[in-house]
């Protein structure tokens, strides 16, 4: 069972909210931090992208008449808040962590510089990439894909509420069928909403595998990182 050298972990903003639908649950963040810390302690280099949907969603705001660009910028700032929360939890465990923001805010986070990010990873620091791509109209899934490609990660670890990719939402349809593996093209052609089309296409074009797994099962981040077969592989 071979593990990975470097992973990019994609967490939704909702993952930090715990049982709530909004905000940040400190206990949940600490629990996630412990799992990520265990992976880093095993020698695997870890980059993280956190969404911002527990605080603000630009797309939803645009649907309610707010300017889409303004909404997306607000969503990017929400990811910075989440990134700082996760960073704080990790630092309190003694894990060296760096938050790197695509939007410069020097008092809060380092500016994102690719070579510096790679150097942090090589030194064993966890790097949390904040503020998306800094551009509106791009999701944090796309930001995760971009950062994974830039740092030459071996895989994108997409943590979700379900244990893989299904032909339809298993939380709504008990008869949903799980795919142990699936191609990028089939994800796109079926319109499966595991990640947005831009990020799937980028992974396809660059042959970057995605593993979709259940974040709510304790230990799954480590299992996935060590190469254990869990969830669904998109390749």
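Backbone N, Cα and C atoms are what each Cβ position is placed from, and that goes for glycine too.
Following the DSSP three-state reduction, the secondary structure of residue 10 (ATP binding site) is strand. The ATP binding site annotation in Swiss-Prot covers 10, 11, 12, 13, 53, 57, 160, 166, 169.
Sequence-distant contacts of residue 139 (UMP binding site), defined by Cβ-Cβ distance under 8 angstroms and a gap of at least six in the same chain, are 132, 196, 198, 199. Residues or ranges marked as UMP binding site in Swiss-Prot: 52, 72, 133, 134, 135, 136, 137, 138, 139, 140.
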Original post:
How many other Cβ atoms sit within 10 Å of the Cβ of residue 169 (ATP binding site)?
Top reply: 12
Original post:
Can you tell which of 52, 53 has the most other C-beta atoms within 10 Å, given these are the binding-site residues?
Top reply: 52
**OP:** Quick one: of 12, 135, 160, which of the binding-site residues has the smallest count of other CB atoms within 10 A?
**Re:** 135
**OP:** To the nearest whole angstrom, state the Cα distance for the pair residue 137 (UMP binding site) and residue 53 (ATP binding site).
**Re:** 15
